[in-house]
Amino acid sequence: MRIGHGFDVHKFGGEGPVIIGGVSVPYEQGLIAHSDGDVALHALCDALLGAIAEGDIGRHFPDTDDKWKGADSRALLRDVYRRVKEKGLELGNADVTIIAQAPKMAPHIKHMCAAIAEDLETSLDNVNVKATTSEGLGFTGRKEGIACEAVVLLVKKSY
């Protein structure tokens, strides 16, 4: 078994929507990023890479490389998961916590879980996404951006 933890944050700016958990969430602003700014999938990528001791998302998809400009984070997640499988591992479960005062995530959580489960080739009962606020505190509380944490458990492939 291997455990990984990931964290990501992006600042609001420009036009919406917000892409998070592989889902387009309507909002008046988007997130400033080199790729599509999907904090949930970026945190998940970092958790997976950490679990296999392969660094972080910046090492594999650097924001200094125009190849990744505007990249679809679902494609990045699938690429990272390919690396996981190459190590003889598969997802046991993933738990994602989105920290945002806005936009409201609840109506989109099921769709996020479905997108993540699809990209990680697993069943819905192995993926959990939840959202919380910071009770008006800090940059997320002031609606300046969104943060996300992710934890994964990887297990040996069951073939």
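Indices start at 1 and increase along the chain as displayed.
For all residues, glycine too, the Cβ spot is worked out from N, Cα and C.
Quick caveat, the model's predicted, so the values are computed rather than measured.
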Co-listed divalent metal cation-binding residue [Swiss-Prot; alongside Asp8, His10] among His42, His60: His42
Phe139 (4-CDP-2-C-methyl-D-erythritol 2-phosphate binding site): secondary structure state under DSSP, collapsed to three categories: helix
Looking at the recorded positions His10, His34, His42, the one with the fewest other Cβ atoms inside 10 Å is His34
Highest Cβ count within 10 Å among the binding-site residues Ser35, Thr132: which residue is it? Ser35
If you measure from the CA of His34 (site 'Transition state stabilizer') out to 10 Å, which binding-site residues from the list Asp8, His42, Asp65, Pro103, Thr132, Phe139 are inside that radius? Asp65
Please work out the number of neighbouring Cβ atoms within 10 Å of the Cβ of Pro103 (4-CDP-2-C-methyl-D-erythritol 2-phosphate binding site), leaving out its own Cβ. 19
